[in-house]
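Now, the feature entries from TrEMBL:
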type	residues	note
BINDING	Ser14, Leu45, Val81, Trp369	FAD binding site
BINDING	Asn161, Gly162, Asn163, Val164, Arg205, Arg206, Glu217, Gly376	NADP(+) binding site
Amino acid sequence: MRPLKLAIVGGGPSAFYVAGRLLKLQSSPSVRVHLFDRLWSPHGLVRYGVAPDHPEVKNCTHKFDETAEDPRFRFFGNVNVGDSVSPVHSALNLPLSSIYKNYSHVVFATGCTLPTLHSALPPSSHSIPALSMVHWYTQHPNAPKTPPPLDKLTHVSLIGNGNVSLDVARMLLTNVDVLKKYDVPQHVLDVLAESRVEHVSIFGRRGPLEAAFTMKELRELINLPEASMVPIDTSILQAPEGTPLSRQQSRVLQLLSKGSKNRFGETKKTWSLDFFRSPTGLEIHPSQNGRPRATLSLAHTQVDPSTKRAVETGESSQVTTDLVISSLGFHGEPTASFYDPGLRHLRTLSNRVVNTTGQILKNVYASGWAATGAKGVLASTMMNAYDVAETILNDHLNEAPPDATYETVLNPKPDLEAIPPEVKEGIEKKHVVQYSDWKKVDEEEQRRDSIEFILNLPGFHCADQRIIAANSISALQHTSRAASHSVFDSTFTAQKWHR
């Protein structure tokens, strides 16, 4: 078989699923797969997007470890591939031209990393994306330096009712003693322990039949032992006459009709699902007694039966709140190569990337959210990635598709053992993380049962990650545990929370 040397840009689940499937389908020694991630650690959203109290979601990482054990596979972390400057400031920048020179095929598995913002809710100290909260409690390298001022908040409004919204609500409402059982950094627990949040409102522009959350997430919130749900008007839980319901929709209506495990009013903390509400503005009020206050304006909506879209009824209402957190989905980075502004992710045709004129780019592919947009769960991501791997192999063996353009100028006869010179230099300078480096840290995290280890390494900063695992783990074990993630600022700056 002709040499197949694949570069995968991105190190999340989709990237590993493509790599694992391709290596399994083709046992030829003339195959190489190199993964590049601008973060220092692999696994993407599995590491930095999963709520800490959902550790079972991370079980897939053992499969990724199996892929990494294949001698034909290599991982290079802290490497930003592309012609735009990386938001991860310490990442080595690797131009696409270097990928083209050194590889015969490339897959973009870069995901959708930017939060979708609401036009009526410009970022401010009172209005932040849910992604900032998620990055904070999972300790993403780009996490805000300043924690949310939960000790000054009593009411939080979540815009959007997907799983991410319910994750954030659950983190805000769950007793800290429960969260201590999971992999949550101590300084995050400390902030949550001081929280004064008493109510979380979750607003959705459509009704319960169109809600984006899953039954699992809803059930977890309903069964919280320390919180209760505001009962929902029974008229909202009645499906329009003649409307066929899926099993999921029927179960959602039944669960919401039953209500929370605790009767409303019996708990200090409460939450509500407020359907048929769409934000139209946020008015900020002067701080009173150190507490931020704002008024959230909401248009009342209904679902158009013909389009299934939310339309305003002409009525409106207002809610006094302390903080608005928007969870409206994610999109790709506009500066990414082959980004389609209409789709807000890469445009593909049968897994192959197409350019602005609609031509298929030879040996250029996209997988996961980079190709489909931010939708689906791990299982659907895996199936998509498997299909991409099979497309790559079929194209390679059959010289297909014949109408593909050669615009990207990938190397048809790459040196299988060579890596881009920029990456080679980065490894020599201990600036690039390889999988064996990462595993040393991962194993130490597992031993200590906490990511606190990595946060406390001198020289490691969440917003300015360094390669910290190239040296022996024994040396790292004897370093001072003085916190190097720096003391959080006392002020809650919007600049650090709405990026």
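Backbone N, Cα and C atoms are what each Cβ position is placed from, and that goes for glycine too.
Unlike curated entries, TrEMBL annotations are predicted automatically.
Projection of TrEMBL feature records onto the structure.
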| residue | record | DSSP (3 states) |
| --- | --- | --- |
| Ser14 | FAD binding site | helix |
| Leu45 | FAD binding site | helix |
| Val81 | FAD binding site | strand |
| Asn161 | NADP(+) binding site | coil |
| Arg205 | NADP(+) binding site | coil |
| Glu217 | NADP(+) binding site | helix |
| Trp369 | FAD binding site | helix |
| Gly376 | NADP(+) binding site | coil |
Candidates Ser14, Leu45, Val81, Trp369 (binding-site residues) with Cα within 10 Å of Gly376 (NADP(+) binding site): Trp369
Whole-number Å value of the largest CA-CA distance among Ser14, Leu45, Val81, Trp369, listed as FAD-binding: 18
Site diameter for NADP(+), Å, by largest Cα distance between Asn161, Gly162, Asn163, Val164, Arg205, Arg206, Glu217, Gly376: 20
Between Trp369 (FAD binding site) and Asn163 (NADP(+) binding site): CA-CA distance (Å): 16
Residue among binding-site residues Asn161, Val164, Arg205, Arg206, Glu217 with Cα closest to the Cα of Val81 (FAD binding site): Val164
The one of Ser14, Asn161, Asn163 whose CB sees the fewest other CB atoms within 10 Å, among these binding-site residues: Asn163
Fewest Cβ neighbours within 10 Å, where candidates are the binding-site residues Gly162, Gly376: Gly376
By Cα-Cα distance, the member of binding-site residues Asn161, Val164, Arg205, Arg206, Glu217 nearest Ser14 (FAD binding site): Val164
Val164 (NADP(+) binding site) to Leu45 (FAD binding site) - Cα separation in whole Å: 12
Euclidean distance between Cα atoms of Asn161 (NADP(+) binding site) and Trp369 (FAD binding site), Å: 20
Binding-site residues: Leu45, Val81, Val164 - member with fewest neighbouring CB atoms within 10 Å: Leu45
Rounded distance in angstrom between the Cα atoms of Gly162 (NADP(+) binding site) and Leu45 (FAD binding site): 16
Other CB atoms, at most 10 A from the CB of Arg206 (NADP(+) binding site): 20
